[in-house]
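Asks: Dropping the structure in here first, questions after.
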Amino acid sequence: MTTLFISDLHLDPSRPEITDLFLRFLREQAPGADALYILGDLFEAWIGDDTPSPAADAVADALKVLSDSGVPVYFIRGNRDFLLGEDYARRAGLRILPDPCMIDLYGRPVLLQHGDLLCTDDIPYQQFRAQTRDPAFQAQFLSQPLAARIAFAQKAREASQARQSEMKQGDRAQFETVTDVAPSEVDATFARHGVDTMIHGHTHRPAIHSLQAGGRACTRIVLGDWYEQGSVLRVDAGGWSLDTLARE
């Protein structure tokens with residue numbers, strides 16, 4: 001049997017081809033799996049479970065079919081969909097996990113996380129993350145009318161895009177460093193949790209890294225985004241493979 005891991009689909013009505021690919025994946029490849037783990041940024045943006053979205057409804061329906069068939073579907077919130085709540089999770093049959101979390105994967109302890117906690121060189125983002133993960137902030141934000149939340153999200157996205165553009169136009173090497181994981185934080189995370197295998201997304205740099213951390217041989221698996229093609233990690237008792245999914 002096989003366990004599947006995906007992240008960073010960034011589903012959005014403006015990119016229906018990605019949603020179509022994901023729905024096909026749920027119909028054709030996920031059934032019969034031991035489990036499906038979605039490690040954040042399933043959606044491009046999420047400003048509350050009460051936001052009308054036919055596309056999100058279709059995704060929830062497809063996930064619920066998979067879950068009802070006996071395939072557990074686990075979800076870790078990402079930096080784009082950290083406000084996804086219990087109401088949508090119930091409709092979609094999702095089991096929300098903390099970030100990070102430990103699982104037993106065919107006898108191997110593995111640490112799962114979205115991945116943004118590893119990007120400690122991006123100090124402004126980490127400050128924003130701390131603010132927006134505060135329960136009081138989230139409760140206040142979600143209590144606002146939908147129009148106000150939409151306006152806030154649009155303003156935040158524009159500010160983020162402007163900052164990214166400014167960084168890219170400056171020191172490109174510095175941009176690549178800041179937006180990737182910090183090696184020191186990777187080492188500290190392996191040591192903190194006492195594991196030798198970690199799976200995460202967020203950086204959109206799919207790879208399987210072999211490294212030394214604290215004198216131990218460790219593996220860090222990075223999931224890919226779905227902008228140009230799908231990306232799925234398949235794990236069984238014999239090992240793992242990081243595969244791509246082509247659009248029709």
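Glycine is treated like the rest: Cβ placed from N, Cα and C.
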Asks: To which of Asp34, Asp41, Asp180, Asp187 does Swiss-Prot also attribute binding of Mn(2+) 1 at the site defined by Asp8, His10, His204?
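Replies: Checking Asp34, Asp41, Asp180, Asp187 against Swiss-Prot: the Mn(2+) 1 site match is Asp41.
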Asks: 10 Å Cβ neighbour count around Arg80 (substrate binding site)?
Replies: 23
Asks: On the three-state reduction of DSSP, what should I expect for Ser160 (substrate binding site)?
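Replies: DSSP assigns Ser160 (substrate binding site) to helix.
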Asks: Tell me which of the binding-site residues Asp8, Asp41, Asp122 sits in the most Cβ-dense spot, judged by other Cβ atoms within 10 Å.
Replies: Asp41
Asks: At a 10 A cut-off on CB-CB distances, which of the binding-site residues Asn79, Ser160 has the highest count?
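Replies: Sorting the candidates by Cβ neighbours within 10 Å, the top entry is Asn79.
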